[in-house]
Structures are given as C-alpha cells and as structure tokens.
C-alpha cells in the first residue's frame, strides 16, 4: 500500500460537522489518497494521539479503544477501520476526495490557529513500519535475506535479528559506532533525516486554546499549497532541525531528554556530569575533571557503571549532592535500550555533546499558552536533572578546592609509588603487603592503591613509552651526523644475558651548567635497548639486534654510528666487526684483564687473596664476630667503616677489600685470634700492603675514567700516567731495597706495555686524533705518542678529516676558507708547512704524504684544512687545566673553525668505556639477581631501561597524571619534554 503525509490540527468542532465515525469514536483514521480500494478493503492504521472529545463514550465492546497513551516504550497500536468509515466518506466517490470533503465541511478560520501548538507528532500509515532511525541512512535491507541489512559504507551484511522475530536496529547502530564512528558522529550532530518523510504523517497536536475550534482537518502534503503553508514555515525557520524531531514535555514540567531513535536512552543521572567523547564514541568526558572514562569496548555494550564509579571515587561530594537533590540514588545503573523520538540538538564548541545536553522548556515548545501539554507519558523512568552546584557558590568553590587538593595528593602518592618501583626496583607485590597497607592507611587514609597488575601492565609500560619518545625526539635534534654506541652483555640470570646498547653524542647548545658553578656537561647519552638474549646466542643474533636498534633509533634521524665501544666478549666483538663497524675496546675491561692476569701470575698473591676473602666472609656472616670487632674499635677509638665485599671478576672490588683490611688490620688481627681456621700471616699482611700501593694508580685511573667528561682523548695520557707511576714506585722500592715489591712492579709494568688490546689502542688512529684534538695535551704530544709514531703524519691525517667534512658541508667550507685565507701566506718552513705549500702550488699532495687524498674538489679544499690545523697547533693554550672538558674550548671555536670543531666533537665525544652499565650491574647498585628471576622477563627489561635513563633524562614525575578510575587508566600529559 502506498503512503502519504497529512498534517492534522486538533479542533473542538461538533461531531455533526464531521463524519460520524470521528464524532462517535473520537479516533483518527486515514486512507492513502493513492489507493483505489473499494469498501471491502480493510485498512490498518497506527495511532499516537487522543481523540479531541474525551467525554464521548464508546460502545461497551469498543470502550477499550478510547484514547491511546504512551506507556514505557513507544508502542504503535494497529486499529482496523470498519467498512462504515469508507461509506461515511461517500460511496462511489474517489477516495482522493475524502480529505477535500472534510475540509469543505469545516468553518473558515484563521490558519495559524490550526498550528498554534506547533508541536509535531508522527502517525504511520497502514502496513508500513516507519524507518525512523537514522541508521537507515547508512543501511539498506538485504534483498536476499530480509532479516539482514547491508552497510552502504563497507558493504557488510549485518543481522537485525532472528528470522520471524522482532527485527531491530541495535546491531546496526553498534556496527556504525565500531566501524564508522566519524560518519555516525557527524550524522548525530547534524540530525540527518532526509529520505524518511515518505513514511510519516505530520500530526500537529496542541492543547485547546480559546481561539481554536477543535476540528480535525486533513491536508495531503503531496498537493499542499506552498502559499498556504508559508506562514508556518517562516515561523519555524530558525528551528528547522528541531521541528523535524518529535518534542514533548512531561506533565510535571521537568524537561525530559529527547532521544534519538534506535539509540540508548540516557536516563541515568551520571549524564549530568558526563558527555560523550566526540572522538571516541565508547568514552565519556567528565565535566568536572575533564578526564576521559571508558564506557566499554567499541562495538560492545556501552554502560554507565564505570562513569558512576568514577563519580563515587573522584567526585563523591558532587555525586552525593546530586543524588540527594534529585532523589535518584542508585540511578547510575546501565540504561535500558529504548526507541524514542528522533531528536538531536547541535552543540557549539565547548558545550556538551547532544547525548548529554539537557533541553529547556523554551527549546521544546513554541506555544504561547501556559497550559500544560495534553500528551501524557506514563510508566517511563523519568530522570530528573540533578544539579551539583545549585547551593551557595562559596560552598561549591570550597568543595572544588577540597577535591582538587585530594586529587593532587593522590597523584603525588601514585607518582611516588611508581618512582620507588622504577628507581629502587621494588617488586610489585611489595606494595600489597599488609605492613605497607597499614602504613598507607595512616599516611593517606583516603588513598586507594591500585593492584600490582595495574603497575605491571599499564603504569610502567606507559612510562616506558614516554621516556622512549623523549629520547627519540632528542635524537632528532642532534647536530652531528655521527654518534657513538656502547654495546655490553651482562649476566645476572642462569639462562639469560642482557644486551645493552647506549648512544653517546655532544650538544654544545643545550649544555646544562651544574649548580655549583663547575664545568657544563656537553656530553649526552641514553640507553636505547635492554634486550634479553639466550646464553647460547650466536653472533648473528647479536648483529641482528644491533642493526635493529640502529634502524629504529638512528636511521630515521639520519645518524650513523662512528665507533662502537664494547668489552672483550668474543661474540660482541665479532658481531661489531662483522657488521662493518669500527670497534673500540673498553678501557676499564683492558685494565681488568691486565690486573687479573697479574694476580694469577703470582702464587703468593693468590694465597693472600684467599685468606683475605675468608676473613671478610667470617665478619660478614657472623654477627658475634662483627660485634667483637666493633667493640674493639670503640675501645681503642679507631674509626669504623663498612665492610667491603669482593666481587668475582672485578679487580676494583678486590682492591677495596684489601684496603678495608689494612685500615682495620689491628682490630682484625686481635679479633681473628678467637676464631679458628681464619688466619692472616704477617707475610700476607705485608704483601697486602705492597699490592695496594701498586694498584693505587690504577684505582685513580679508574675513577678518572668514570667521570662523565672523559673520552678517547684520555687513553694515551692515562696509559702514560700508569707507566710513569709504576716507574716511580719501582724507584722507591729500589731505594728501600724491597725485592719482592720490585718484582711485582716489573711484572705489572711488562703486562701493561705488552697487552695486546692496550697496545692496539695506543697505536689506533682514533685515539691518537682524539689526543691531538685535546688542547690540554697538544703541547706535550711527544710524551704520549708510542714509539715509532710520527706527529706530522697524524697532523696530515687530521687535515684530511677536516677536508672530508668541508667537502660534505659546503657551508663550513666557505667559512673556513674565508677566515683562513691569511694564514696560508704566513706559513712557516716546518715539515707540515711544506705539505701545505706543495698542495697550494701543485694542487695535490705527494703520494707518500697523503696517499688517500682525493683529487678534484677535495684537493682544492685541502690547503684550507691544512691551514686550519696548523693554526690550531700554533695557538697558545693556557686557559684550561688538564682536568677540564676540552669541549669547553671547542664551544668557543665553533664560529672560528667550524669544520675542525665538528671533527673534534666526533672524536672527543666517544667514551672510553661503558661506565653506565658498569655502575648498573655491580654489587653497589640496587639490582639484585633474585629479584629478576621473580619478575616478568619483558617487564624487567623495561624497568632496567627506565632505571638507567630516568636520571639522565631528568624526567619530571609530576607530568605523569595518574587517575585510578575503575579501569585503572593512566593518562600521560601531552607536553613534550626535551632532554636538557
């Protein structure tokens, strides 16, 4: 059956002026104007209005038909119109003339009185279910399976229900929310209704007014006169969108939320504090704290339980006041899905979305009368609007201040807990112990500690991602294209080794000056990865992991590794060399190998170390022995220091153990007399003294290397200093006539000079150039250079490095050439000057002097590079002492020698060792092997990464805003923080 749209005003005209069916029954019926049915046709109609004359009584058998009311969900009841209805319209007349006959029988009256209420309602035609839901703008019925609908966007077929049962639109709506959220949000915002009018009748329903006669009038909208309807359209032009939606008032004059057909009725009181997130339909934003709270997974059931728990936990005062004022305590349960009128308002930026915006009476009614509406809504769960801040504004401000203080205190406690986990590596279950819970109850009774699962799965990973992002953003701003890496493997697990990669660079612009006014720190470093590898991992696995980290961190920022520093692990060394990288041995590991070999070579030293370890073990494991030792120290007024334990494989811990025994030798000797089986002979005490004296320079060198301002420029001077110190000790022992000590000194000196790794470092190009570029040592280079090394040759190599940089950076080439044009004419007659003169006259260097120098543009740049290097060596330097960072000097030369400065930064920024991981994996750190075994493997990698980076990154924990909502969500602030 075809359909049409009729606009029907309510009138109080007497029944005689209308057809008898309307006068007797008071029931509105309609027949399509395009229908040619005869009087035997039975027509079905859907009604949503009351008859105008409620006093008229129906026959007994039809009394139940009197009037229709909306109860609960809106129900469209079908009424079968009797054949008498067709006869009263006039037998033999076309059905299309029926409305005209009705209109002719009505008295003439003002047209505006017929639309006084201007509140529209929909009446549906027979045998047609109106597609009032806006989801049908995105779907069409599947022609093959009528119980399914096909999405117009993705062409996916979605079920509407079981065949033969009720077919709804809830599944279609959830599909749009999950798969096409932007389209669905936009449709809700602008209230799309085009294409639905063919299924509806517009029934204007208003309360009786003195100017209205209460008559019914049928006007088919297909043939309506535009001039006749012009006044009404002009009147409602400003509210065109709202006029297309059904509006009504509750009889108690409390504004009811206008609901979108097919959407969830927001009857819960929590929506007075939330609005739907426009970007994420499955989340809601709190109006008080502006936090986004999840309502459920996208595409699944979206409830309000989490929103209510958020209010109870974070804003208990507002929630309690709202419940008290509205009497709606417990109204925060999940809403039931309903179908209602299709009404939605546009929202301005900054306002709540349509799903949570309350409509006022002025928005819903354009009537000039003050009489209550005649439309009654019964048995519907009304949701009065609780207002949280209707009381005194001063009290409301005090409550907001109190809530803000409570939230700030809770955030500080939460940040402190995460800081303890990361920096001290406390196990997660430590905070769940009853003792800590009692402590927390005393300190912060209102604070609720999240579960350990939250820290493990959300807090630590989010902090981990934040720190990684900061490091990556910092690497984007690195000026030099060449940086350096350190690669180490540390063992603290029976089956797993930890592979650590650290990046090092120099930033002359962002140097942070210490508070005490010392030397600024230009050297920056960050740990890139902490990866667990199996004990039996191959060289290819290490190389693959190294290449992965380079591709992840360096390649996107156009950075290349210049040198890679590592220990003497054969797998790591072979992996670095196999990947084509330049390997630099770790200086501390080289010293450790030399001293460990020195211990093993002398049997007397080994026996002395065994007795010393037993002595320390006796005092560390016996409480009574420590008490006796401390009492003896106190009785003789001797200073007491904590016992130092020896760590296998590290000579520095052995040195500190021997030093502690010598400092407490008098007390230890008397205390050991009472203990059986632990004896240190006088010869061993004497040998211990010799060993400590010999190792003292090595301990000083180790402390020197551990300083953050040291680089490859210290390798040659430190080796020279060690050899010189051993020579002075030999002379002292020779004067004193101590043969045993002389033999020990000679043995260690020989090992230091003949060690393969140290010898390779002494002759390596990068160590020599780094020493040349340190202004502290440029005037005494002959003392540091190994035998057979020519200073002029390395000056030439340095000039070639500067020339290469000029060729790759034309800007630096122009500055250097213009500023060094003068010195080319005023060159001396030394060997290095002759190279420059030969280059200037012939355009290229002699093959014996510069075999690797290219011709062409490079040959034209070489004279300028040679001039810059010669000017650097001729400059007198007395501003800084040998203990200061040479980068301070080069910071002042950036504008004078830009190319030479960049080459100097490249060599001076390379570290001598990986002291960062050395400090992490030692007995003095908080890193305990037992703790690793009890933790998750992947998470312990993140904890080590954070512990090593947080202090260096200077992360501000106050920027980590943690909200313990029911889903334990943590929100990291969007501010991007850059490394200092």
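Glycine is no exception: its Cβ is also placed from the backbone N, Cα and C atoms.
Feature annotation (Swiss-Prot): of 14-71, 72-129, 130-187, the stretch labelled zinc finger is 130-187. Residue-level annotations in Swiss-Prot identify, among 206, 383, 809, 383 as phosphoserine.
On the backbone, the CA of residue 151 (Zn(2+) 1 binding site) and the CA of residue 286 (Zn(2+) 2 binding site) stand 33 Å apart. Long-range C-beta contacts of residue 154 (Zn(2+) 1 binding site), restricted to its own chain and to partners at least six residues apart, with a cutoff below 8 Å, comprise 179, 180.
Ranked by Cβ neighbours within 10 A across all protein chains shown, the binding-site residues 175, 180, 310, 315 are led by 310. Secondary structure of the zinc finger (130-187), assigned with DSSP and counted as helix (H, G, I), strand (E, B) and coil, comes to 21 helix, 10 strand, 27 coil. Other residues of the same chain near the Zn(2+) 1 site, with their Cβ within 8 Å of the Cβ centroid of 151, 154, 175, 180, are 138, 152, 153, 156, 158, 176, 179. Comparing local CB density within 10 A for the binding-site residues 151, 286, 289, the maximum falls on 286. For the pair residue 289 (Zn(2+) 2 binding site) and residue 175 (Zn(2+) 1 binding site), the C-alpha distance works out to 30 angstrom. Under DSSP, the residues of the zinc finger (265-322) split into helix, strand and coil as follows: 21 helix, 10 strand, 27 coil.
Separation of the C-alpha atoms of residue 315 (Zn(2+) 2 binding site) and residue 175 (Zn(2+) 1 binding site): 33 Å, rounded to the nearest whole number.
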